[in-house]
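S.K.: Look at TrEMBL and you will find A:77-287 tagged as domain 'ABC transmembrane type-1'. TrEMBL lists A:12-34, A:73-106, A:118-141, A:153-175, A:196-218, A:268-291 with the feature transmembrane segment.
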Amino acid sequence: MLKKRYFYDRLGSALTLFCASLVIVLTVSIIYFISSKGIATFISDGVSLREFLFSTQWWPDRPRAEGGPQLGALSMIIGSVLVSLFAVGISAPLGIVVAVFLVEIAPGWGQRVLQPAVELLAGIPSVVYGYIGLSLLVPFIRDNIGGGGFSLLAGFLVLSVMILPTIISVSADSIKALHIEWKHASLALGATRWQTIRMVLVPAARSGLITAVVLGLARAFGEALAVQMVIGNTRQIPTSILDPMMTLTSAITMDMGATIAGTPWNNALWSMGLILLLMSLFFIMLIRVVVRRGVAQ
Amino acid sequence: MKSKLFLVLLLIGVLMGAVVGCGGQSDQKEEGHEQTQQEQTGGSKGSITAVGSSALQPLVEEAANQFMAKNPEAQIVVQGGGSGTGLSQVAQGASDIGNSDVFAEEKLTPEEAKGLVDHQVCVVGMAAVVHPDITVDNVTKQQLIDIFTGKITNWKEIGGPDVKVTLVNRPKSSGTRATFKAFALDGAEEASGIEQDSSGTVRKIINETPGAIGYLAFSYLDGSVKALKLDGVEPAAENIYTGDYPIWAYEHMYTRGEPTGLAKDFLDYMMSDEVQKTLVPELGYLPATEMKVKRDAEGNVSQK
């Protein structure tokens, strides 16, 4: 009897260990694959890292005799950064305020109505967001604000709606997790509800809120489809929010099927993928640091 | 602690072994699959894959369905993925047929392209299209080049309404763009404009954006956008057959070496009257058999 139990115990632990190592192997091999493909641009195609990161000249199909291929991804890198930062700029304040409302102001109907609404927002597929943006937002901007409609503005508006659920739910969770005594103590000291929220709850939940914002930023940075449909995909650095532009993700999706594996053009797409991967690793590290600091306090 | 570490290493080892093992197995399967293909000559059974061009995919898919209905033992798997994918897959031997909008020589290195056999199954015509409110009906080639290179920026410069020109391009890697650039713009580099990776979206944008101009395959012309005449020649099938209208390209199905077995049967079927006379025009392509001119990979046109 005891032996049997012992056997099951070992079996269970072996099984979980197997699953855990499967995930590790998967992650490591994906990172290895993308890195090896992405580095090929610099090693076998002779493109300098400097040119790739800081040049806007993108002529991947130009023959060697005419000075090509030139693979400068700066306009796309800037495009990705701009569209994500603007999106977070809108969603972070909005999302945190909604989270406070959800937890502190109207916990009753907030959780009955607002929570499902936010979850629904998270469940809408990105292609649908893109299609709505293309059909409603782009013509609206063209007719009422100016420019051609396909623009940085359309891109970050669509993105800001898409990352809102992430920011709201992570923020709400972190506010919910605070010790109820802090709130009680603050109120007992005579602080109003506004003072309690502003001076006690939000500062105490700071690391959770920052995590929420970084997660939103990471999602915005990696989003491809919806953004691609509304930004116009023009390889230039936008000088106004009404200019069309291009992101790393949209550059990859537009060209991946029609370029041949092993060519400098295709390798450059992998290098862009590598940049995306490094950025998300950076975001994850950032979150870990923030969370650790929060715990330390 | 040590034993745990050992266990982890062991598991990773087993996992790697499993992955490698699977790879080996599928290799064996592929060999067997090739064998069965070689065994049968003329009998249409077995299984092949045709991968590549999304512009050609609807035709190949439909033809494959008809072919499989007639030959129940044949299995033809048709996949998209783009011309580049199709060409590299067939050159590597990963796919039996590679579908492409462009000549293999244009995308692959000469060594890779050498072993491939070209089957030109149909022709796709393309037209410069504009927003319906543009009153211009006809452009000269020079005007078209000036529009796409950004020299003409307002439609009034060529007798149209006072509206800014908005360029709507396909991505640089697209076969449609390559064809348009080569035969409509004589290779001139396009100015930057909006880019979209599907013809359906391009049509939608041109229909909605005042002053927009782009290019579409004939199969996408549905009246929601206006097709322009080029040097007075209507973009129509008859004018392509005779070589009067220059913006067209072959749709290619490449095989590595001369096709055998099912691949040969299927390609023969693609060129049969059944497909060329009914299915090809039905889906908006032009039958290759009707062409009175031919064009080589360098773009030289000659009478057939």
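Glycine too: its Cβ is placed from the backbone N, Cα and C atoms.
What TrEMBL says about a protein is an automatic prediction, not a curated fact.
What does the local environment look like for each feature on the list?
M.R.: Sequence-remote contacts of a segment are chain residues at least 6 beyond its ends whose Cβ falls under 8 Å from one of its Cβ atoms, and for the transmembrane segment (A:73-106) they are 52-56, 58, 114-115, 118, 152, 155-157, 159-164, 166-169, 171-172, 175-176, 193, 197, 201-202, 209, 212-213, 216-217, 220-221, 227, 231, 235-238, 241, 245-251, 268, 271-272, 275-276.
Note on the transmembrane segment (A:118-141): residues 98, 147, 149-151, 153-154, 157-158, 161-162, 164-166, 168-169, 223-230, 242 of its chain, located 6 or more positions outside it, place their CB under 8 angstroms from a CB of the stretch.
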S.K.: Counting only residues 6 or more past its boundaries, what in the same chain has a CB within less than 8 Å of a CB in the transmembrane segment (A:268-291)?
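M.R.: For the transmembrane segment (A:268-291), the far contacts come to 31, 34-35, 37-42, 45, 47, 52, 60, 69, 71, 73, 76-77, 80, 207, 210-211, 214-215, 217-218, 221-222, 248-249, 251-252, 255-256, 259.
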